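Visitor: Supplied in structure tokens, the structure appears directly below.
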Amino acid sequence: MDQSARYADLSLKEEDLIKGGRHILVAYKMKPKSGYGYLEAAAHFAAESSTGTNVEVSTTDDFTKGVDALVYYIDEASEDMRIAYPLELFDRNVTDGRFMLVSFLTLAIGNNQGMGDIEHAKMIDFYVPERCIQMFDGPATDISNLWRILGRPVVNGGYIAGTIIKPKLGLRPEPFAKAAYQFWLGGDFIKNDEPQGNQVFCPLKKVLPLVYDAMKRAQDDTGQAKLFSMNITADDHYEMCARADYALEVFGPDADKLAFLVDGYVGGPGMVTTARRQYPGQYLHYHRAGHGAVTSPSAKRGYTAFVLAKMSRLQGASGIHVGTMGYGKMEGEGDDKIIAYMIERDECQGPVYFQKWYGMKPTTPIISGGMNALRLPGFFENLGHGNVINTAGGGSYGHIDSPAAGAISLRQSYECWKQGADPIEFAKEHKEFARAFESFPKDADKLFPGWREKLGVHK
């Protein structure tokens, strides 16, 4: 059934829709299956994403038609399709009337992903009007809170050197805490790897007090504050809260140094919102494990990593992993810096839409996945700043001297870039950074040809 007469209006102007402030606008890359017209398929897509079904129904009235989602722009050659969703379509909380992300996902990326006349459709951007921004939680804390704890300026406080305890699984409580202490002697921030929680060989209630003791000893030894991001991911709301409450009890007077990590993609928006609302005083660390199933450029359905990050800010993530923009081991490109810009700035041009955040707190870009001191200068140069958290597991524990030396090499790498220094020349005066060349020789050979001769290192 051709529904284009009802669910498409190509006379609508995007600037008028934005000015009106009554719609969420969503841009997709959509291709219909062979034999289906582009506008017909697009209209069916909008119908399935809002008020429609596959036949006319007698219960439809004029009000229903007033909240139809409308296709307002198509370009078949580029596969561009844009749809305007009236705000009235979206579910609101009974308790406080606020928007919920699950409703946005249910409509804008729900049944339309399995339609028989659609070859593929992927969300690449969305626009949220001011009223909608006001109705989402947004972050309660941001990187400025961490800078304050670390004794830094709360504006442009700079790079936070972090790690992931490695190996990701298999360490028992004492070795785990020892690994944390070794890194904290040189670094700032440690996170649980996403599978780490309450394994039988490393029970949470045994390992966490040891981690806190390691933090206190490292703080005493260095005179510097330390940060720990604990995984509270669980299937059940009460289990999440039980883990979080126990951690707050253990850390006691140092609870401000405790962040809560949630696997927001596999756990879903409900997990993120639970952490945001139950623990607004803690830094909310959004890990995105599994996201590549839909965000990968090779996937033609779902949504992009940009969309995921933008949604995380609405939900209230204090920080989210954004990959390494082609400088680490994970899939990505240098142009992915737009992801960081969108979540950290108060206004930003996305792939399609210019988004204003109207004072909503920023979400920190968290950089992770194959990074080390040699790769960081190029990363910072591409991004244009160093106000990020970097969790370098192998880049710390793979350092030839020690995890502490690995952490120091990361800090030195940031200082090298900040000073605009030549990395080889900088290494001659900074031992830990210099030893990173020997620790990661394949990267050194690729990034800095001739480094062995210049640094006096031989095979």
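Here the Cβ of each residue, glycine as well, is placed from N, Cα and C on the backbone.
The following feature annotations were taken from Swiss-Prot:
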ACT_SITE  LYS166  active site, proton acceptor
ACT_SITE  HIS287  active site, proton acceptor
BINDING   ASN111, LYS168, ARG288, HIS321, SER368  substrate binding site
BINDING   LYS191, ASP193, GLU194  Mg(2+) binding site
MOD_RES   LYS191  N6-carboxylysine
SITE      LYS329  site 'Transition state stabilizer'
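Locate each feature and note its surroundings.
Guide: Mapped onto three states, the DSSP output places LYS166 (active site, proton acceptor) in coil. Sequence-distant neighbours of LYS166 (active site, proton acceptor) (same chain, 6+ residues apart, CB-CB distance under 8 A): ALA179, ASP193, GLY393, GLY394, TYR397.
The 10 Å shell around the Cβ of HIS287 (active site, proton acceptor) contains 27 further Cβ atoms across the protein chains shown. Secondary structure at HIS287 (active site, proton acceptor), taken from DSSP and collapsed to helix, strand or coil, is strand.
DSSP classifies SER368 (substrate binding site) as strand under the three-state reduction. Residue environment of SER368 (substrate binding site) contains 24 other Cβ atoms, counted within 10 Å of its Cβ in all protein chains.
With a cut-off of 8 Å between CB atoms and residues at least 6 apart in sequence, the same chain places LYS168, ASN231, THR233, LEU261, ASP263, HIS287, ALA289 near GLU194 (Mg(2+) binding site), listed in sequence order.
When other Cβ atoms within 10 Å of the Cβ of LYS191 (Mg(2+) binding site) are tallied across all protein chains shown, the result is 25.
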Visitor: Which of these binding-site residues has the least crowded Cβ, counting other Cβ atoms within 10 Å: LYS168, ARG288?
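Guide: Relative to the other binding-site residues in LYS168, ARG288, LYS168 has the fewest Cβ atoms within 10 Å.
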Visitor: If the Mg(2+) site is taken as the center of the Cβ atoms of LYS191, ASP193, GLU194, which further residues of that chain fall within 8 Å of it by their Cβ?
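Guide: Those within range, site residues removed, are ILE164, ILE165, LYS168, ASN192, PRO195, GLN196, SER229, ASN231, LEU261, HIS287, THR391.
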Visitor: Return the count of C-beta atoms lying within 10 angstroms of the C-beta of ASN111 (substrate binding site), excluding that atom itself.
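Guide: That number is 11.
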Visitor: Any same-chain residues 6+ apart from HIS321 (substrate binding site) with CB under 8 Å of its CB? Would you list them in sequence order, or say none?
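Guide: Within the chain, HIS321 (substrate binding site) has Cβ neighbours under 8 Å at TYR286, HIS287, ARG288, ILE366, ILE367, SER368, GLY369.
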Visitor: Near the Cβ of ASP193 (Mg(2+) binding site), how many other Cβ atoms are there if near means within 10 Å?
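Guide: 20, counting other Cβ atoms within 10 Å of ASP193 (Mg(2+) binding site).
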